[in-house]
């Protein structure tokens with residue numbers, strides 16, 4: 001009996017959280033002119049569409065949001081690739097060597113993620129303006145690649161790699177880059193995926209920075225384009241909702257694909 | 001110099017080579033702008049001479065004298081006091097609920113987590129349609145026999161409306177940490193409490209709650225920081241209105257820098273925002289340590 005009521009309670013909460021997304025998906029499958037047609041009175045047709053059409057999605061392809069979504073993908077993929085190289089190499093420097101000032105360097109890394117990025121986005125954007133990096137992909141990607149949290153996470157993992165392996169590699173004639181490339185990286189796939197997810201989500205979810213730095217049609221990112229469209233008086237809500245679905249489904253697929261590592265990276269970044 | 005020290009020195013150089021790109025990024029992209037905000041906040045543009053002149057604390061004086069700024073601080077503090085306890089308590093209760101053995105628990109849990117995939121700005125766009133006078137929220141209220149509400153255009157409803165939206169975005173995320181914490185509670189502890197005849201409520205308060213103190217403290221601090229930086233929902237849904245009742249500090253900074261073009265005063269406001277964040281976080285740490 002207790003289990004049944006707990007299950008019902010869980011179901012009610014789960015469905016309440018899901019309803020807004022369901023409504024968005026349903027309306028992405030019907031013409032924008034019908035968005036508000038099924039709300040008064042509320043009925044099953046509010047949340048289900050019997051004659052779904054993909055017209056909003058095909059319109060998306062030729063719209064600004066379509067292009068902005070491609071930009072988001074480009075920026076996020078570049079951030080993950082470059083950011084992983086930069087962060088993993090730093091974590092290797094911090095964990096494989098004994099040197100004076102190691103504590104200090106580690107302190108700088110920790111300090112860098114205690115300063116919230118959004119808070120310094122405005123001073124940083126004035127610097128980027130002076131360096132002519134506004135409306136460039138470089139300007140959009142750069143702030144994402146030096147992620148103190150990702151360095152921290154990778155360092156924790158690297159510290160667990162036994163020194164005997166490194167010594168054996170050195171005896172076999174590997175230089176330090178070889179040790180990094182052929183011993184550390186292959187052993188650290190889970191940590192690298194976790195850090196990569198962190199870099200990806202940071203970039204995919206960012207809004208303040210792309211709003212400050214990428215506003216022309218060539219460099220606008222998905223969330224900014226979507227909010228621009230919404231701000232217009234005659235917004236086509238079918239298009240808005242189709243864009244919202246695409247911008248949600250892409251990270252969802254990535255998270256679902258790496259689910260195990262996502263929970264790992266979330267809980268280790270917080271608790272360890 | 002012993003050979004060991006020599007080796008340490010050489011290792012340091014190699015390590016530095018590996019560290020250099022990241023250190024450069026962190027210094028230029030995180031630490032320099034933070035310092036630059038502090039420095040620039042003491043300067044102002046000179047209309048007479050062109051270029052900037054040292055202005056001492058006058059930017060801070062201007063801010064404190066501004067009624068809009070004082071209202072923004074007040075709104076931000078009120079928002080902080082409301083949103084954080086609500087989100088932490090709801091996340092904890094949901095984490096307890098979804099770690100019980102009950103049919104469908106995993107599916108229901110997934111539905112609560114789903115919205116964290118939606119970028120915050122996209123969530124704000126979705127909820128701007130939900131909160132329209134003819135939108136989904138009023139449709140639901142109408143079905144429940146409640147008359148239509150103004151949500152974003154009412155001075156008293158605008159903050160609660162933002163809190164609902166932000167909780168929809170955030171609660172699933174914070175819940176993940178707490179679920180991880182609860183699952184680390186050894187099964188024997190729970191069984192012992194069960195044998196002692198402790199009821200569900202009692203077990204939650206005296207067994208689970210103390211054992212997830214660490215993740216709970218983390219969630220409270222991280223949630224507070226993220227809520228002090230809330231921007232997209234304000235910029236997309238309310239533009240700080242009505243009458244400044246949702247003018248949270250982060251939006252006020254942006255507005256001051258770009259709509260009003262007051263970049264130096266905006267830098268002073270960034271400094272105040274970061275200081276406020278650090279003060280609140282430090283206060284929370286003290287509190288949490290205090291009752292240990």
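From the backbone N, Cα and C atoms, a Cβ is placed for every residue, glycine too.
Bear in mind that TrEMBL entries carry predicted annotations, made automatically and left uncurated.
Residues B:257-282 are the range that TrEMBL records as transmembrane segment, among B:23-48, B:257-282. The transmembrane segment annotation in TrEMBL falls on one of the ranges B:194-215, B:216-237, namely B:216-237. Tertiary proximity for the transmembrane segment (B:110-130) is limited to same-chain residues at least six positions away from its ends with a CB under 8 Å from its CB atoms, namely 94, 98, 136-137, 152, 165, 168-173, 175-176, 232-233, 235-237. Within the same chain, residues 105, 108-109, 112, 159-160, 162-163, 166-167, 170-171, 174-175, 178-179, 181-182, 204, 208-209, 212, 216, 219-220, 223-224, 227-228, 230, 244-249, 276, 280 sit at least 6 positions outside the transmembrane segment (B:73-98) and bring their C-beta atoms closer than 8 Å to a C-beta of that stretch.
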